[in-house]
């Protein structure tokens, strides 16, 4: 391997991994048991996993069709649409949270109407956590799936059309299976981003144990008072997400990559 | 006439305006250089591309007209692509059964039809494989089965043999010829390979720069090419001139003596193997003798193809032995002669 | 206006100089370079104004602020951040860096809690008891941050169990939700209500009178510009500084 590639690559690995090692070194291992047994830790972890998974499901349901429109349709203003879709990527998540308030909050453009009609208000509920995480994480899925769609040979879709398949059938039976690995990779990215989401969640959904306090929120607030406990919580989040991703890789990404 | 089409497409530098007619059971080959628009014709016939004008009718059903466009999936057609385009995530049988399934056939019936067709193309027992586990020839056979299983009114083949190696190509071409013979509908095959065109076509249409430049049976096209491109494809040198008596005054200068009386604009087709080369001006009867210069020499099987430059540009095929005896090198001055009786002359 | 302020500043500085045995006058005219002030986020507006006054008086001086939560500031100082002055919103947080402080830190301002409600008080919040009503949408600070700890002491003293819908990571986040009308009320600092303008109304909380956040101010032992640091500390303690703090809603010790 040439040194001009190898050296920066090693530096890159060090840069990404050393902070992780820092967490591991500084973790109060002897204190691990009692820290984990503290009330609220399991609750926050469960809430994180459930809400990140729901956010990923919502992102798949909305994001895959959106990626298809961006990659395949002849729609005018597609590039503008693509730029708009990626806005949450560059928006500070806290601003994203405020923006969600302005639309879906009790006083928001849509939320006000909902609140007046039904008395339901989205902020400070678990649903709001899912909404905030979806807002921030879905662009990762859309970008990733759009890339997979562009890379996929569109002539397979032509072939399907000559075999009598309309566009919907073609999408279901040809396009979707062809880009399945890309969708899986996008979903993993989306899930990971949702799991780590902090700014939009704490702004739009607030922070209340059991309802809206996900692990990142718990970590942040614990850090204010007890940095060592915060490290423990971070490691739990890290461990669970790594385990999940490795498991999925074997079961799901691995199989998709064969074709 | 089963397929009657007038295809008009304007895309960038391409201005395509082509008329085609193919009878039931007939195979029409569209021959042309890259970029001539032949694949575009096929995409329009398939309904994958909406033309800018013209009309496509199959069995008196309008597929395209200025105000109608039947989408591809509603057309009764089968299409074979250059690199087979079998769906990689489906088994071979599922690929072949795909068309019948989307058109409403029950799963068992579609599977049975697929297996029947796989047997007919010689792939019995390979149906459970993935396309990636097939050889190039097997994949193209499977693609043919996939195109034919629905008994389409129109069969389109886009360079079906060009992705195959030479040996496989020979066998698949022979099988394709047999299946096309059995096929009752209209077939249109696009290729840039004259051998495919000659071997598989009932009729040939040559397209250059978006226009039909020649149409006819393979034998007609091979014997009397009308453009340099076609002439080169069939291994002839084409000279254009004005006939008067047994003399043809070439447009590029010089004259050619021919064996019959001709008048008006004509083509003279020269077979390279009929051109003889000498280091000295030959003595005796030949009336067609020109001093030329060897521009290039390339081995071609057992002969050496010599491109000659001069007043009458020619190509001569000489045996490797003769070539060696003449001791020719590019740039050498030679005399070329050809007998008038060896030339084919026909009106332009 | 600028000149008036500068004049007042000059007077104040002169006063300080006399009080402190002439230390400020000695350094006056010499101070230059960069002064780095780490201050609690609630001091943002007051300190920015005071910093402007100082640089107007000493053109050679560049005042840099780092406004953040008091615990974050303490962490940064412990990690070696190059601060000259540290103004914390919490005496405990300053205790954490006691070894790094030059001299005795002194309390220069106090902050108390108020109920902030959206303009017009749509949920008709009247007092602390309404914050224990599950039917109302309430934001409090999380117990981990100083305003949350203070709120807990207020509720303890009042014998009430609060019914929050969200426990915010800092007081500004709680106030934002009031400003947007997404909560009916939040328990926040008086200074934050003063800074929030007309979108927020304040309701006094008598039960909170004894729960006071005290703001200590100290020059750090590792200060790179101790002269300027002293100058800034003196300015904060001057009449000008006290007036600015009072205007921002602080109580003065």
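Every residue, even glycine, has its Cβ placed from backbone N, Cα and C.
Summary of the site annotation: TrEMBL records molybdate binding at C:42, C:171, C:189. Screening the candidates C:70, C:71, C:137 against this entry identifies C:70 as the one listed for that site. In sequence order, C:40, C:41, C:69, C:89, C:111, C:146, C:147, C:170, C:191, C:192, C:213 are the same-chain residues whose CB sits within 8 A of the CB centroid of C:42, C:70, C:171, C:189, the residues recorded for molybdate being left out.
Annotation note: residue C:189 (molybdate binding site) sits in a strand segment as assigned by DSSP.
For residue C:171 (molybdate binding site), other Cβ atoms within 10 Å of its Cβ number 31.
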